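Here Swiss-Prot flags 12-18, 40-42, Arg305, 331-333, 410-412 as GTP binding site. Here Swiss-Prot flags Asp13 as active site, proton acceptor, drawing on sequence analysis. Among the features that Swiss-Prot reports, IMP binding site is placed at Asp13, Glu14, Gly15, Lys16, Asn38, Ala39, Gly40, His41, Thr129, Arg143, Gln224, Thr239, Arg303. As annotated by Swiss-Prot, Mg(2+) binding site applies to Asp13, Gly40, with the evidence given as sequence analysis. According to Swiss-Prot, the active site, proton donor annotation covers His41. As annotated by Swiss-Prot, substrate binding site applies to Val299, Thr300, Thr301, Gly302, Arg303, Ile304, Arg305.
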Amino acid sequence: MSNIVIVGAQWGDEGKGKIADTLAEKADLVVRYQGGNNAGHTLVVNGKKTFLHLIPSGVLHQHTKCVIGHGVVLDPVALDEEITRLQAKGIAISAENLFVSESCTIITSYHKLLDAVRESNTSEKIGTTGKGIGPAYEDKVSRKGIKFKHLFDKDLLRSRLAISLAEKETLFRDLYKVEYPTLEQEFDKLFALGQKLKQYAADTFSIIDQAIAAGKNVVYEGAQGVLLDVDYGTYPFVTSSNTSVAGVYSGATTAGHGLDHVIGITKAYTTRVGEGPFPTELFDDVGKFIQHKGGEIGVTTGRIRRCGWLDLPLLKYSAKCSNLTSIALTKVDVLSDMDTLKVCIGYKYEGKEIYCAYPGIDLYKVEPILVEMEPFSIDETVTKDNMPAALKTYLKTIENHVGIPISSLAYGPSREQILFFEDYFKKG
């Protein structure tokens, strides 16, 4: 039995889905525990791409059960569309392999509208995906939320909708002056979706608990990345959930269950979507080269990702925030055959050098300490035997500065293009 957590160690888009899909081959459960359909995971199998937003990456493995935990905010429209799209591709999804927590907070049309009008009416852009994630979490915390199970009860759904709409109606009508669905329109849509999706509703807490007790392999699949964590991230340019390992306990299981591995998924360089500080961002042709070669366009938003050198002070900070046990380094192939290769090992900040970021640091004011690395060139298949010495040095530099080992290396889009240095499912 192994309990494995996959955490994004940067600003998201690190390749978590690829690693989760690979580990799902040996997993009994793959569990999403936070975020919503603002996540976007790309899986490449036999040259064919599959895009996932809500459904866990274990869905391509017939024996693996997929769980959406109670920490996820659930857009029933998006879930219904994703299930339909995947089934049309011949991917089996049923009540036998998809389990959605009855306690997931629901994203409504009101949340999505509020998300959009706020972003368009503020001078400080956050770069939200517009999926209604933040407003849904607001309702959850202020106890105005609608749970997945509420969609199955007409009277309860109508009363919860009335509570949710009460304040928003004033905002839409008087402050933002936008049209919005009536309570009855929203009720009809949500109740119909509830009847359609009810078959997937489950007590996921007990499913996970029983799987662990039975010695099953459980993989927890995070969304976004630690640097977008609402508490640990680059606030206010963050998401609205705990993207660190803490989200596993609040969104899926209990702290009583130990974790065997917490894997920090990290690109060999750094990217960011939307606004916010980015110390190693590249504005030259090198940045454009990485962007083009890496296909750095958001799956969820379609926005071009900002690109820069690997930032080790931030990676070390992420490792501490989530108690990472190792790093899975992805997209190494993007850096192959470059003329110039650099890595950030520290910052100059307020008259001194620092080598690990921290919550109070102003990343707009840091000067990255960049060191030149020897460029490397890799083949379509990378093994321990044919790995270039320059790449080995690059990996060792990361390990030495962050203080944890690199346990796997992804060097291409397909399942086969991963080199594992450690068996995550082997005890001891």
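Cβ coordinates come from backbone N, Cα and C, glycine included.
Counting in whole angstrom, Gly40 (IMP binding site) lies 10 from Gly302 (substrate binding site) by their C-alpha atoms. Distance from the CA of Gly302 (substrate binding site) to the CA of Thr42 (GTP binding site) is 13 Å. In the structure shown, the C-beta of Gln224 has more C-beta neighbours within 10 angstroms than that of any other entry among the binding-site residues Thr42, Thr129, Gln224. Its own atom aside, the Cβ of Gly40 (IMP binding site) has 20 Cβ atoms within 10 angstroms in the protein chains shown.
In terms of Cα spacing, the binding-site residues Lys18, Thr301, Ile304, Arg305 that come within 10 Å of Asn38 (IMP binding site) are Thr301. For Thr129 (IMP binding site), the nearest of the recorded positions by C-alpha distance turns out to be Thr301; the candidates were Asp13, Gly15, Thr301, Tyr411. Candidate binding-site residues: Gly12, Lys18, Gln224. Nearest to Arg305 (substrate binding site) by Cα distance: Gly12. Of all the recorded positions given, namely His41, Thr301, Gly302, Arg303, Ile304, those whose Cα is no farther than the 10 Å limit from the Cα of Gly15 (GTP binding site) are His41. In the three-state DSSP scheme, Lys18 (GTP binding site) falls into the helix class.
You'll find the Cα of Gln224 (IMP binding site) roughly 7 Å from the Cα of the residue listed as 'active site, proton acceptor'. For the pair Lys18 (GTP binding site) and the residue listed as 'active site, proton donor', the Cα-Cα distance reads 8 Å.
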